[in-house]
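Colleague: Residues or ranges marked as compositional bias 'Polar residues' in TrEMBL: B:1-23. Per TrEMBL, domain 'STAS' is recorded for B:513-636. The annotation region 'Disordered' is assigned in TrEMBL to B:1-29. What TrEMBL records for B:108-125, B:131-150, B:157-176, B:188-208, B:220-245, B:271-293, B:325-345, B:365-387, B:399-422, B:428-450, B:457-489 is transmembrane segment.
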There are 2 protein chains.
Amino acid sequence: MTSSNDAHNIGRSTSCNPSNNNHNVDDSRINMDSRQSQVEVHHVRLPPDVSTLQKLKNKLSEIFFPDDPFFRVKNHSFGGKLLFGFQYFIPVLKWLPKYKFKMFRSDLISGITIASLAIPQGISYAKLAGLPPIIGLYSSFVPPLIYAVLGSSRHLGVGPVSIASLVMGTMLSESISPINEQELYLKLAFSATFFAGMLQAALGLFRLGFLIDFLSKPTLVGFMAGAAIIVSMQQLKGLLGIVHFTPKMQVVPVMSSVFGHTKESARRPKLFWISAAAPLTSVIISTTLVYFLKSKMTQVKYIGKLPKGINPSSKNLLIFRGPHLSLAIKTGIITGILSLTEGIAVGRTFASMENYQIDGNKEMLAIGIMNLCGSCASCYVTTGAFSRSALNFVSGAKSAISNVVMAVTVLVTLLFLMPLFYYTPNAILSSIIIVAVISLVDIGAAIHLWKTDKIDFIAFLCAFFGVLFISVPVGLAVSVGVSVLRILLNATRPNTTQLGKLPGTQIYQCFARYEQALRLPSFLIIGIESPIYFTNATYMLERMLRWVREEDERIESLNNPPLRCVILDLSAVTAIDASGIDALCELKRVLDRKSLQLVLVNPPGAVVEKLHKSKTLESFMLSGLYLTVGEAIADISSTWKM
Amino acid sequence: MTSSNDAHNIGRSTSCNPSNNNHNVDDSRINMDSRQSQVEVHHVRLPPDVSTLQKLKNKLSEIFFPDDPFFRVKNHSFGGKLLFGFQYFIPVLKWLPKYKFKMFRSDLISGITIASLAIPQGISYAKLAGLPPIIGLYSSFVPPLIYAVLGSSRHLGVGPVSIASLVMGTMLSESISPINEQELYLKLAFSATFFAGMLQAALGLFRLGFLIDFLSKPTLVGFMAGAAIIVSMQQLKGLLGIVHFTPKMQVVPVMSSVFGHTKESARRPKLFWISAAAPLTSVIISTTLVYFLKSKMTQVKYIGKLPKGINPSSKNLLIFRGPHLSLAIKTGIITGILSLTEGIAVGRTFASMENYQIDGNKEMLAIGIMNLCGSCASCYVTTGAFSRSALNFVSGAKSAISNVVMAVTVLVTLLFLMPLFYYTPNAILSSIIIVAVISLVDIGAAIHLWKTDKIDFIAFLCAFFGVLFISVPVGLAVSVGVSVLRILLNATRPNTTQLGKLPGTQIYQCFARYEQALRLPSFLIIGIESPIYFTNATYMLERMLRWVREEDERIESLNNPPLRCVILDLSAVTAIDASGIDALCELKRVLDRKSLQLVLVNPPGAVVEKLHKSKTLESFMLSGLYLTVGEAIADISSTWKM
């Protein structure tokens, strides 16, 4: 990085043409201009000359390759690069050759462990999505195998997740009845999964992963809480109905309260065992109970016969035309984005715990291909699930082999154990669902948002009430809108502060925070805390004039020496556009008419460059541009004394 | 402003609870903690405790009253405040009592002068809007009188303008034919004017004037150029048609080329006389020519009979229901916003030339009421017109009385001179229109945008081609979208730079611009040039880790001492949200695992506050928070030496 580039010099003592390549290496030289001041002044410099094309390239590479995924191949031969390319897109090629039998023991244990969670969860979540229970098991078989080949996370446990399941269930059942039009519903679910996969793979392939960052934390917290409440209400209705018929089933609320602890333990991975074992245990206990008491409990609804055998092909069920296509696409987009958000976040969390990095965009590609394949093999939307991944992590998984073990366990279940689920009561599935979704209501996070940031809290409320009372897409859109508006608002009415000098230092800080800061007679020092864009250029101009007016009034009331110089500290003005430049020029004109000097201090590179290109810089060249507030004041004061 | 507020102290040597009100006035005290370092360290302080309500009040007052319009009444009695209130909303009460006869002479001259421009312009612009010519004269009579009472600009010349006229013409004639459905067209034009006035008055009343700032300069330049080309094509077709029939009319292109100079002289107000006299002169010459040669020029179309008399009421023509209501509202909104933008910009320009300030929001209210009244008196959309205002200014207008004089002159014309326009050829009106709109094509501004800012240039292109090939609303919307996206993009991939120390100073600047900057062994100093929001939090985290990785590689290749401390200069991080805080915490965790120290330097008040409220600050309290990079390095190095 030791740059020998052609950074330009701009300063009082250099020629009027700032684009000369006159390097000024002895930065500490004394200002030698006609005023003969003895103040040490450092020159503000232009950033190095970079062509527009190069700039575009840099900008694009920051947008699409912020994590510099190919940094490892920089100094490799072509063969090395090719090998790296293969390994990059198919990570199994990289880690499988180094795989050791010792690791397999850990993976075997954790694979069987997550399967014990995955089987009851799969059945329940499929029900949540309005699908036959068997689809949940299918979705825990094929996708984990594909992820094991393409995924780069060692701990991600793949399968259906509650959020995507409930969104799919909510969105599809608004138009189609999952009971009366079961076949169409199934077709739409697979088609939505296909489009979700398409979207995910496209985002990953074109490295547009940053778009999912637009779902901010408040939006997600609000959305999940709202969605969880909707689902709980639905499921609770079912539960209460059963309770009404058979008072003996009071066991369900009790078990439900047992599950209530899941939420807390999910935050403490060490205790995750208990909560993770709960679904399977309760399924086993309740199924056994129903089996033995079935003559007495005639009102209890249970799953009934499930088909044996592995995933049938669903390729012919995909819909690419007709009146329901738009519903499938819409559902696919929203479930795709939400499941992607969860998968990437979970992957990043566990990668950061074990101190390795995963490439978000590549993960998206892996998840997308997984869903594309899944949609052709009777699976609905799957992703990296938080609960399974946490379980995978605490049970000691070493690689994606644990996903393979889980898939094989599910395969065995599909082939031989399906009859065992015949008597599993629907109520127990409802309670598994309620427990899963209730843990999505994160009241602590909501309180935290309220305390730290009111606008974040509003975005949270929009997502929460929007999803609860209007619809999933509207709630999400309004909440994202609020978050974006906040950025714009910050760029519309930025903060400006008056700075003073901390005694005995060269530090200039705002009066509001540092009451010991000193005013300098005849100087008004203003810090602008935002880029100057068209949205705030007029405001900035008016606000600066108001600062000047207020300072004039203060000076008048105190009989202080009159104002002579206005210093703008531009350190935080990280960008400027055409309107901003116009506003600065207008400010200079107005202050000129009032015989006030306008000085710019420490403009960042991008701003100096714009000022230079628009020929505005020239008007500031003669003692109107300094690197620090201290140097500006010293230099300008020295000229006044003469 | 000498604050005696309770700014809090946060620092290494203070207690762990940063919300104690322990003032620390002797800022230059030596750091006395266990490390016994002799480095002078200043404490980062929290901003003063302000309640959420007060903060909201401050924020809202900056949004709605950025220019502090009531600053003059601050120390007045209730009666004084009441009087000021009246004078504020009805400025004529303020300036009329002080009006002197000497000023009337100037106003009389300039009033008659702008009337000589207003009459031919009014007729032409009405034609441009697809309206009968007489509407243009009506619109130059009632609105100036209303503006004289309510307006606060001394130089604004009020009347129809080309932009609003052509947008109204384009938008209405897409659905309604101005020739075959003349009455409906007229109704829609008045209704659109009514809605434009409503919108303008509402924006002013609720002080939402900042919304027009969202029409950035590139958008306006592109829009005007595109619209001008559309209109010229339309009018040229008419002109060429005439040329085809009567080759003798070659005079028209010649005159048109004479007018071509208008554009340049419009920029030099002193020469404005020439261009301003051109329309009336050409109308007089061409009318006289047609009158005397009418037997030979049978193919020439001329205006024909115009009704005598003042504005009839159009109250009953307003449409508030029916199938065309939405078109009227849409047209009203767009013409209202565009005419407002021109009126406010023109008012500000001339106010700034004469060194007085106008209150944008109050002007909007005045323009809005003017259009509301106008829509009931057979006027279409009017605003402060650039050409008239410039003429008004150079001919020496002293007050809004010149608008009254203009209105009276137009009144005399309406009552007695209408027969004179009988033989005015339509072609001359077309050429007046073409001249007016061609001057809106500002190629210089477009080149300037290309040179200074590529994204501004793209916004310009979007507006230009959008308006030209799709429609006015789409063109404007896309262009505003691009401008807004640029703000978001800047908040999505902000610039980060590595800083070094300028030799012999305490100034830290980026290496790319200051190649003499020195690296400090074991330190990595990064400047972040943007707020940290949900849109860039993940990027920031990844980018910081990449900086660390790159620095590690560099150190390794040079066998330098290993990295021990990462310093983030937050001077330009003017805001942070919940996701940003999470990213900072995550960065600290990752660096902790790598045994690297993370230090924050100079976070602005809003950021310190958020960090404090989210309890994040505490983890940085012990030697993780400094006021300047220099102090951080000195203090941390001193602990390493022991």
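Placement of Cβ uses the backbone N, Cα and C atoms for every residue, glycine included.
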Colleague: State the non-local partners of the transmembrane segment (B:325-345) in its own chain: residues 6+ outside its ends, Cβ under 8 Å from one of its Cβ atoms.
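Modeller: 156, 161, 163-164, 167-168, 171-172, 175-176, 188, 191-200, 203, 209, 212, 215, 220, 223, 319, 360, 363-364, 367-368, 371, 381-386, 472-473, 476.
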Colleague: What counts of helix, strand and coil residues does DSSP assign across the domain 'STAS' (B:513-636)?
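Modeller: Here the numbers are 60 helix, 21 strand, 43 coil.
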Colleague: Taking 3+ C-beta pairs under 8 angstroms (sequence gap of 6 or more) as contact, is the transmembrane segment (B:131-150) in contact with the transmembrane segment (B:365-387)?
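Modeller: Contact criterion met.
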Colleague: Under 8 Å, at least three CB pairs between the transmembrane segment (B:108-125) and the transmembrane segment (B:457-489) (pairs 6 or more apart)?
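Modeller: Checked: the transmembrane segment (B:108-125) vs the transmembrane segment (B:457-489), no contact.
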Colleague: When the pLDDT values for the domain 'STAS' (B:513-636) are averaged, what is the result?
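Modeller: It averages 87.
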Colleague: Which bits of the chain, at least 6 residues beyond where the transmembrane segment (B:188-208) starts or stops, bring a Cβ under 8 A of a Cβ in it?
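Modeller: For the transmembrane segment (B:188-208), the far contacts come to 63-65, 129-131, 135, 164, 168, 172, 176, 314, 317-320, 324-325, 327-329, 331-333, 335-337, 339-340, 361-376, 378-381.
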